[in-house]
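K.L.:
This structure is in structure tokens; I'll ask about it shortly.
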Amino acid sequence: MRTDVARLRCGKTIPLLGMGTYCPKKDRESTISAVHQAIKIGYRHFDTAKIYGSEEALGNALGQAISYGTVQREDLFVTSKLWSSDHHDPISALRQTLKTMGLEYLDSYLVHWPIKLKPGVSEPIPKEEEFEKDLGIEETWQAMERCLEMGLCKSIGVSNFSSKKIYDLLDFASVSPSVNQVEMHPLWRQSKLREVCEENKIHVSGYSPLGAPGNCWGSTAVIEHPVIKSIALKHNATPAQVALRWGMSKGASVIVKSFDGARMRENKRVLEIKLDDQDLSRIDQLEEWKLMRGDFLVNQTTSPYKSIAQLWDNEI
């Protein structure tokens with residue numbers, strides 16, 4: 001039995017180690033180069049989103065690798081996400097993503113955030129007047145289901161959904177989400193959400209599994225935590241490998257973003273590490289704090305969410 005993949009409810013397998021392609025500078029050439037390196041190292045799971053600005057570069061690199069015979073399309077797992085200003089027409093949005101990437105289908109298409117913005121909003125941090133007051137998740141999800149029926153993607157899912165929002169979605173969904181991609185690392189363990197997702201056969205995919213140390217909103221707190229460092233020393237591993245292995249030990253896939261070849265190889269070796277019960281228990285006792293809080297989606301006038309607590313349904 002393979003330990004490097006998980007099986008989704010739709011029957012597809014998802015590699016537990018994924019490469020994230022969010023690049024603040026939207027640097028096309030470095031993204032293409034990094035993806036080529038990743039494929040050679042053995043990565044087969046790639047994550048992007050319309051708002052990341054990396055769909056074209058990722059698609060270009062994957063297309064080249066497929067045409068060179070380096071990898072087969074069916075061996076890849078490619079995820080992208082529906083941006084909040086496209087909730088009114090997910091089918092057209094996904095068709096545009098496929099055109100941008102040069103692909104016939106995605107393996108997974110996710111609703112990026114449980115928020116609806118006005119059509120045409122293309123910045124990650126919306127202005128006050130750019131929010132739609134009506135969430136319209138039911139209509140959005142029906143269109144996501146239609147994307148699946150049309151063969152534009154192999155599975156559909158969500159991102160940044162709380163336990164309550166998962167339950168709300170399941171109340172009306174004809175097709176349940178295969179994936180919920182959320183922030184998850186040793187300092188934000190998502191115990192309740194993981195339980196809810198497991199009960200409903202929804203795979204949890206963890207973004208920022210190292211605490212996003214390279215991002216403006218991220219932190220080095222995970223990889224510099226004394227407990228994580230201590231466990232790493234015990235296993236002759238790096239703190240990053242411990243954090244990634246912890247996520248995988250919980251059944252989650254982990255989306256790690258590094259364009260550095262040495263780090264990519266280091267991360268790929270994570271499956272050689274085995275954390276014991278004592279290690280897991282020590283991590284379970286660490287104080288928790290969420291990094292990606294979503295403050296930019298909260299306001300008192302136009303957003304349906306008037307507080308952070310409301311956005312996350314008091315799960316923060």
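Cβ coordinates are placed from backbone N, Cα and C, and glycine is handled just like the others.
TrEMBL entries are annotated by machine, without manual review.
For reference, TrEMBL lists these features for the protein:
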- 18-287: domain 'NADP-dependent oxidoreductase' (DOMAIN)
- Tyr52: active site, proton donor (ACT_SITE)
- Lys81: site 'Lowers pKa of active site Tyr' (SITE)
- His112: substrate binding site (BINDING)
K.L.:
Just name the most isolated of the recorded positions Lys81, His112, going by other Cβ atoms within 10 Å of its Cβ.
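P.N.:
Lowest Cβ count within 10 Å among the recorded positions (Lys81, His112) is His112.
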K.L.:
Give the distance between the Cα atoms of the residue listed as 'active site, proton donor' and Lys81 (site 'Lowers pKa of active site Tyr'), rounded to the nearest whole Å.
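P.N.:
That comes out at 9 Å between the alpha carbons.
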K.L.:
Pop the Cα-Cα gap between the residue listed as 'substrate binding site' and Lys81 (site 'Lowers pKa of active site Tyr') into the table, whole Å please.
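P.N.:
That separation, Cα to Cα, works out to 5 Å.
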K.L.:
Within 10 angstroms of the C-beta of Tyr52 (active site, proton donor), what count of other C-beta atoms is obtained when all protein chains are considered?
P.N.:
23
